[in-house]
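Participant: Below is one structure. I have some questions about it.
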Amino acid sequence: MAINLVLMGLPGAGKGTQAQKIEANYSMLHISTGDIFRNAIQNQTEMGKQAQKYIDKGELVPDEVTDGIVADRLNQKDIYNNGFMLDGYPRNLEQAKALQKLLTDTNRHLDAVINIDVDPDILVKRLSARYICKKCGATYNKISNPTKKAGVCDFCGSEEFYQRDDDKPETVKNRLDVNIKMNTPLIDFYKEQNILYNINGDQDIDQVFKEIIQVLDNLSN
Ligand code: ADP
Ligand code: AMP
């Protein structure tokens with residue numbers, strides 16, 4: 001059965017980390033709007049240039065751009081066959097409504113929204129210690145989640161890493177503020193639909209994953 005999932009959580013809550021583990025064990029395809037924007041910026045596409053103006057300030061990219069990108073991806077055949085897990089989308093109520101309409105119009109629905117809950121004070125520290133493999137995109141943390149062998153990616157063996165520009169302290173604060181403001185209405189929207197699952201994200205990465213598995217396995221049964 002194809003599962004359609006939203007992974008929610010403030011920046012740094014662990015969505016990408018958990019998505020990588022889910023992808024290794026389930027069929028759902030990972031769609032990260034942040035990754036799509038970063039690729040577009042790297043390739044200097046017109047959309048990338050537009051998005052960068054917002055991302056550099058820690059602001060949200062306008063809904064009409066973001067909704068369009070997600071709609072294009074969700075309408076591809078591999079997504080229908082395998083299901084999806086959205087990471088970083090929706091980020092506000094308008095996006096949630098646009099997603100609902102898109103899914104209803106194509107005879108689909110969300111099976112679950114998993115909210116990875118972490119106190120914002122913890123997130124400031126986490127984000128400033130995040131680093132990413134240049135080759136495969138695997139995410140690490142200098143404090144809580146370093147590579148097994150120092151300086152070598154666990155997944156692809158690359159020795160090149162980078163820090164995201166928007167993880168620098170001056171942008172992190174605004175990103176968190178912007179997202180905190182949008183988060184509550186979104187949580188209420190999904191709570192009312194009885195598809196919201198809250199998971200404590202301030203636990204060991206494997207423990208968070210165990211709790212996510214419980215939710216996913218219950219959906220499949
Ligand atoms: P998001 O995709 O939600 O922005 P990430 O998955 O990139 O978050 O995780 C943010 C940072 O926190 C990364 O450096 C990651 O290695 C680390 N991290 C993820 N989950 C945990 C956790 N449960 N405990 C401690 N650090 C974590
Ligand atoms: P992320 O990788 O999810 O932390 O996203 C990085 C940045 O991309 C955000 O700070 C926003 O500027 C932009 N972004 C990602 N997803 C969205 C979204 N759903 N709506 C608007 N902007 C987004």
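Using the three backbone atoms N, Cα and C, a Cβ is placed for every residue, glycine included.
Predicted automatically and left uncurated, TrEMBL annotations should be read as such.
Model, not experiment: these values are computed from the prediction.
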Participant: For the annotation region 'NMP' in TrEMBL, which listed range does it cover: 32-61, 152-181?
Facilitator: 32-61
Participant: If the criterion is a C-beta within less than 6 angstroms of any ligand 1 atom, which of the binding-site residues C133, C153, R164 pass it? List them in sequence order.
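Facilitator: Those binding-site residues that pass the cut-off are none, since no Cβ is under 6 Å from ligand 1.
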Participant: Ranked by the number of other Cβ atoms within 10 Å of their own Cβ, which of the binding-site residues R130, R164 ranks first?
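Facilitator: Buried the deepest by this measure is R130.
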Participant: Considering only the binding-site residues T33, V61, Y89, R91, R130, C136, which possess a Cβ situated under 6 angstroms from at least one atom of ligand 2?
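Facilitator: Going through T33, V61, Y89, R91, R130, C136 in sequence order, those close to ligand 2 turn out to be T33, V61, Y89, R91.
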